[in-house]
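The Mg(2+) binding site annotation in TrEMBL covers E22, D65, L67, D68, D195.
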Amino acid sequence: MAQMSICSSLARKFPKLTIIGEEDLPSEDVDQELIEDGQWEEILRKPCPAQYSAIKEEDLVVWVDPLDGTKEYTEGLLDNVTVLIGIAYEGKAIAGVINQPYYNYQAGPGAALGRTIWGILGLGAFGFQLKEVPAGKHIITTTRSHSNKLVTDCVTAMNPDDVLRVGGAGNKIIQLIEGKASAYVFASPGCKKWDTCAPEVILHAVGGKLTDVHGNALQYDKEVKHMNSAGVLASLRNHDYYASRVPESVKNALVP
């Protein structure tokens, strides 16, 4: 239903978009209650970066993950859950939204539930307070529910001071930008383009970097394969340090 709401609302307002979502949607008409036709004034007040002002609607690809961190959601670990909407142009992720519907869910009855983090390359990222892990500390965030020997070998090679195992790609990027982790290491082909498109933009907008384990940028054009078959390596700072520590055995096993 979340994906139906997102995709149908976007398609109705921007009919020439290419929209690719994680779930297969039934073709029946969408309940009007699921259609969102409002706009967020806070975003509309910002200037559109000059390099994107002449983009045509039909040149954009939108990647949607309506529920990132599904396994954690089923287990009640609601702070792991995000909704991801990424926008790509000419194969590059340029704008993104990470919504945390359950942010603050443990903060008590008076707390505001949920938040939205968003960003556009050339403009910045908003909705959070940027923080960095203390200099010299290497805290790795990695998968909680999709681990294997390759993942473990790669994490160990980073010589981490600490390892966090949490769900959701969106959630892991939030850990990087809020100073809880210094690198996100996932040496496995389990992640898809809709998992990384939006989070990558938020990270890049604040000077971070997201690549595969070989250091290659990810491509998001509509013809691209959905699987990130060479894994994910992301960091807020010192990306070259983490990339240099990826073992050759891991690189050989993960072909782009």
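Cβ coordinates are placed from backbone N, Cα and C, and glycine is handled just like the others.
Its Cβ taken as reference, D68 (Mg(2+) binding site) is surrounded by 26 other Cβ atoms within 10 Å in the chains shown. Neighbour counts of Cβ atoms within 10 Å were taken for the binding-site residues E22, D65, D195; the minimum is at E22. Same-chain neighbours of the Mg(2+) site beyond E22, D65, L67, D68, D195, judged by a C-beta within 8 angstroms of the site's C-beta center, are, in sequence order, V64, P66, G69, T70, T82, V83, L84, G168, A169, G170, K192, W194. Packing around L67 (Mg(2+) binding site) is summarised by its Cβ count: 17 other Cβ atoms lie within 10 angstroms of its Cβ, all protein chains included.
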